[in-house]
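Visitor: Straight out of Swiss-Prot:
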{"type": "REGION", "residues": "1-42", "note": "region 'Disordered'"}
{"type": "LIPID", "residues": "G2", "note": "N-myristoyl glycine"}
{"type": "COMPBIAS", "residues": "12-37", "note": "compositional bias 'Basic and acidic residues'"}
{"type": "REGION", "residues": "84-117", "note": "region 'Disordered'"}
{"type": "COMPBIAS", "residues": "100-114", "note": "compositional bias 'Low complexity'"}
{"type": "MOD_RES", "residues": "T131", "note": "phosphothreonine"}
{"type": "DOMAIN", "residues": "142-428", "note": "domain 'Protein kinase'"}
{"type": "BINDING", "residues": "L148, G149, E150, G151, G152, F153, G154, C155, V156, K180", "note": "ATP binding site"}
{"type": "MOD_RES", "residues": "Y225", "note": "phosphotyrosine"}
{"type": "ACT_SITE", "residues": "D275", "note": "active site, proton acceptor"}
{"type": "MOD_RES", "residues": "S279", "note": "phosphoserine"}
{"type": "MOD_RES", "residues": "T306", "note": "phosphothreonine"}
{"type": "MOD_RES", "residues": "S309", "note": "phosphoserine"}
{"type": "MOD_RES", "residues": "T310", "note": "phosphothreonine"}
{"type": "MOD_RES", "residues": "T315", "note": "phosphothreonine"}
{"type": "MOD_RES", "residues": "Y323", "note": "phosphotyrosine"}
{"type": "REGION", "residues": "447-493", "note": "region 'Disordered'"}
{"type": "COMPBIAS", "residues": "450-475", "note": "compositional bias 'Polar residues'"}
Amino acid sequence: MGLDAVKAKGNWKSEKPKETENKNHKKKNGDDNKSRNEEEEEGEASGCWVKFRFMIGCIPSKSDLDASSSSIYGSNCTVTTMESKSANEKSNDQPVGQVSSTTTTSNAESSSSTPVISEELNISSHLRKFTFNDLKLSTRNFRPESLLGEGGFGCVFKGWIEENGTAPVKPGTGLTVAVKTLNPDGLQGHKEWLAEINFLGNLLHPNLVKLVGYCIEDDQRLLVYEFMPRGSLENHLFRRSLPLPWSIRMKIALGAAKGLSFLHEEALKPVIYRDFKTSNILLDADYNAKLSDFGLAKDAPDEGKTHVSTRVMGTYGYAAPEYVMTGHLTSKSDVYSFGVVLLEMLTGRRSMDKNRPNGEHNLVEWARPHLLDKRRFYRLLDPRLEGHFSIKGAQKVTQLAAQCLSRDPKIRPKMSDVVEALKPLPHLKDMASSSYYFQTMQAERLKNGSGRSQGFGSRNGQHQPVFRTLSSPHGSSPYRHQIPSPKPKGATT
């Protein structure tokens, strides 16, 4: 199930149409060039890079690739970068240990847009194999209206297929799916695609997004996922005007915890997720949480070993400090990231937000003094909840977040213990708005002229700096880019 034993070779390239160099070219060549130019004009007319850029970027041009595949329905729109990006691609990402606005590019793995791939696919028997034409028709020819989102590495489209087959069906019927494409301009996207199919294709759990199938046809690589109609947790917490109700937040926290617990303690081969964050938690129609995007997932260390040494990857603000400092990855790194997300759900604040006052940019550092102080914990609560939260539940969440965010990874709880702690919280009815304490506290703050602003976050502004930036328009899966930090000596990827 790992990425190490691999054996399918092919050249992976994407070429833009070339202009005619000689007016006396044969008629056949002239017709070919004319056809390519018509495709370009059609793409520009669409008002979106879907037609032209999609055909040249999202969907690779024909080449000699035999076996490979593409796309991730998760934090990015096509395949995300794992160790590097193609040399000609710009990035807004940054290493996990640094916060800067400088643009960084890494080509540690690939310095060409036509890398030679040599990897092994471990495709599960339950996955459906689609033809490219099936997916083209299911998404209505990849038209802009079907576009769920786009990112630096490709696009995600909404499609409809047979309930138990691969044939396309009329929109609104059959099974709704998300079809993700792979931009072939770099080895890293392919590596993350391999991780996605090798992990998510072999892991089945109610709290993991289901991989329905794949397409490997010439140099076309696409992946097909179950459609998640409510999009990402990030979208609901930070991009919508109506606040997410407390009980729903707790339901989502519990579901996400169950997903991590399965990966760490129940999977046949334990897995470290390595990229747990709000944008990778997708929601179905009933707000059931499912983890998406396994592009950075790693096999847990073998028995007798304490950690995996690897290049630091992920999103700034979520990565555990010991992992950032040493590159030593353990399941407790995921537990720390869970604590950050729990804090985001509690406060309504992003893990990193430079639009906030000095001292409040980093959510964890700002929140630490309040986490274990019963007199100050109320300052953490999302003001948009307006007292519609369980007092006991909020106290339990702050305690749990403090444990998960411990600087000593050995003190952090196992995810199975987190699940047990969260189970009762969605059903608690002791709303703060009806308590004398909360009403008195609110009155005192108003009297002091602090209103909601003291310790409470307003609506968040720009997204935090990341090595993989994210967005989730139209309920689609989020997108991200990432930038690796220097690789530790002897580390693997």
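Using the three backbone atoms N, Cα and C, a Cβ is placed for every residue, glycine included.
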Visitor: Quick check for the class: what is the C-alpha distance, in angstrom and rounded, between D275 (active site, proton acceptor) and T315 (phosphothreonine)?
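Guide: D275 (active site, proton acceptor) and T315 (phosphothreonine) have their Cα atoms 7 Å apart.
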Visitor: Rounded to the nearest angstrom, how far is the Cα of Y225 (phosphotyrosine) from the Cα of V156 (ATP binding site)?
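Guide: Cα of V156 (ATP binding site) to Cα of Y225 (phosphotyrosine) measures 10 Å after rounding.
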Visitor: Which of these modified residues is closest to Y225 (phosphotyrosine) if you go by CA atoms: S279, T310, T315?
Guide: S279
Visitor: What recorded positions among T131, L148, S279, T315, Y323 are found with a C-alpha within 10 angstroms of that of S309 (phosphoserine)?
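Guide: Qualifying among T131, L148, S279, T315, Y323: Y323.
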Visitor: Nearest by CA distance to L148 (ATP binding site): which of the modified residues is it, out of T131, S279, T310, T315, Y323?
Guide: S279
Visitor: In the structure shown, which of the binding-site residues L148, V156 has the fewest other Cβ atoms within 10 Å?
Guide: L148
Visitor: Taking DSSP three-state, what's the residue listed as 'active site, proton acceptor' in: helix, strand or coil?
Guide: coil
Visitor: Using C-alpha atoms only, work out the spacing between T310 (phosphothreonine) and Y323 (phosphotyrosine) and round it to an integer in Å.
Guide: 9
Visitor: For T315 (phosphothreonine) and T131 (phosphothreonine), determine the Cα separation and express it in whole Å.
Guide: 34
Visitor: Inside 10 Å of the Cβ of D275 (active site, proton acceptor), count up the other Cβ atoms and send me the figure.
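Guide: A 10 Å sphere around the Cβ of D275 (active site, proton acceptor) contains 27 other Cβ atoms.
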Visitor: Pick from T131, S309, T310: which of these modified residues has the biggest number of other Cβ atoms within 10 Å of its Cβ?
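Guide: Answer by Cβ density within 10 Å: T310.
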Visitor: Three-state secondary structure of Y323 (phosphotyrosine) from DSSP?
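Guide: Helix, per DSSP.
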Visitor: Translate the DSSP assignment of V156 (ATP binding site) into the three-state scheme.
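Guide: SS state of V156 (ATP binding site) = strand.
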Visitor: Could you give the mean pLDDT over the domain 'Protein kinase' (142-428), rounded to a whole number?
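Guide: 90, rounded to a whole number.
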Visitor: I'd like the Cβ neighbour count for Y323 (phosphotyrosine), meaning other Cβ atoms within 10 Å of its Cβ, all protein chains included.
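Guide: I count 26 other Cβ atoms within 10 Å of it.
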